[in-house]
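Now, the feature entries from Swiss-Prot:
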type     : residues : note
ACT_SITE : 79       : active site, charge relay system
ACT_SITE : 154      : active site, charge relay system
ACT_SITE : 178      : active site, acyl-ester intermediate
């Protein structure tokens with residue numbers, strides 16, 4: 001029995017019924033990872049010993065008749081910018097290469113409380129800055145559907161690991177599309193929750209007003225289970241919301257009667273790949289067949305999201321990354337005498353080119369004379385975009401768009417085309433700017449490469465997104481198809 005081919009919810013049921021042991025499940029994923037990750041590059045660190053030790057402890061509890069909760073020993077992979085006590089937390093950067101986290105992020109504490117087993121730390125774009133996972137300081141991540149193509153980013157390791165069956169569930173981080181975009185390109189489900197739904201405590205910051213922990217799974221049910229486990233208020237995160245967390249599994253039903261889905265014309269422009277357009281149109285027909293009402297709508301300000309995003313995110317990044325200086329912690333150049341020289345050289349050698357580029361851009365937009373001209377204006381645009389979404393979401397329950405206007409491109413294809421690379425998140429950034437929940441659902445293939453559609457919902461209505469996504473899955477098998485490795 002190939003346990004790595006099972007979904008997380010199938011594994012939970014099998015462990016509950018004592019059909020398999022937790023240790024067997026963990027060993028299956030370790031063996032799978034050791035067999036294929038040399039091709040994929042999804043893992044930066046595999047925590048074999050601690051995972052097997054925890055699996056044995058859980059098996060002993062089950063044998064004693066104790067009822068577990070939550071994940072029942074199902075393994076989870078963690079993006080390497082989320083703190084796990086005793087494990088590396090490099091952000092895929094040379095400057096944090098030897099940094100070991102002394103504490104658990106809130107999401108990790110909640111995983112452990114709900115019997116999730118941490119299997120390792122997953123590769124990413126350095127400090128979550130990138131859309132292709134070509135910016136990792138250690139190694140690139142390859143798309144399981146075509147090893148010569150990118151998996152998307154910045155959570156490319158998290159999505160590629162799930163797609164290649166190296167892990168059933170994973171956590172990524174979202175700033176402008178870093179879970180949804182690679183989820184679409186790798187053919188898995190990826191959720192960005194409402195800003196404030198999931199605690200950011202223990203996540204190394206990129207842009208504090210945009211960052212969120214996202215969940216990734218093989219299907220909507222897996223994603224819903226993981227999201228429920230880690231959601232909820234956290235007093236250690238000042239942006240955490242005091243909003244009750246529903247039982248997301250109860251929202252999973254095929255019937256969409258009464259659900260209104262908006263179709264914004266601004267997301268279906270001429271530059272959208274025709275084969276992707278066809279897949280989205282087919283998905284819409286299925287949702288209609290399942291009872292949903294499709295309504296044409298307009299989000300005229302969405303086109304300004306990308307510009308506002310790259311001003312706001314780089315400004316916040318330049319401030320957040322100032323603390324990584326080689327003096328308090330991080331890689332340190334010890335051959336220099338002056339603190340200023342140590343600071344400059346440590347950061348110059350420790351940060352990659354993309355990170356340095358964004359720090360400089362962010363410093364510029366916050367400088368005298370530019371703050372009002374760029375940063376304040378971007379904040380005003382952000383407010384207008386939020387109001388635009390609020391207007392539409394009074395008339396519909398969710399909005400459907402493509403997740404990405406292209407499928408996975410080849411390595412090096414866009415590295416020298418900055419605008420082309422930055423536009424990779426064109427369809428995901430609007431929801432991030434507005435702080436809304438959004439999910440990517442696999443909906444087909446274009447020339448053998450996965451395609452996904454995006455659902456955007458109202459604040460704290462992840463349940464509706466799960467409902468629509470689940471309904472679609474009940475009429476299709478795209479989420480079940482596995483890449484041949």
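Cβ from N, Cα, C; glycine included.
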DSSP-derived structure type at residue 79 (active site, charge relay system), helix or strand or else coil: strand
Those residues of the chain, 6+ apart, with a Cβ under 8 Å from that of residue 154 (active site, charge relay system): 124, 125, 128, 129, 130, 131, 133, 135, 172, 173, 175, 178, 182
Neighbour count (Cβ, 10 Å) for residue 79 (active site, charge relay system): 32
All-chain count of other Cβ atoms within 10 Å of the residue listed as 'active site, acyl-ester intermediate': 36
Conformational class of residue 154 (active site, charge relay system) under the three-state DSSP mapping: coil
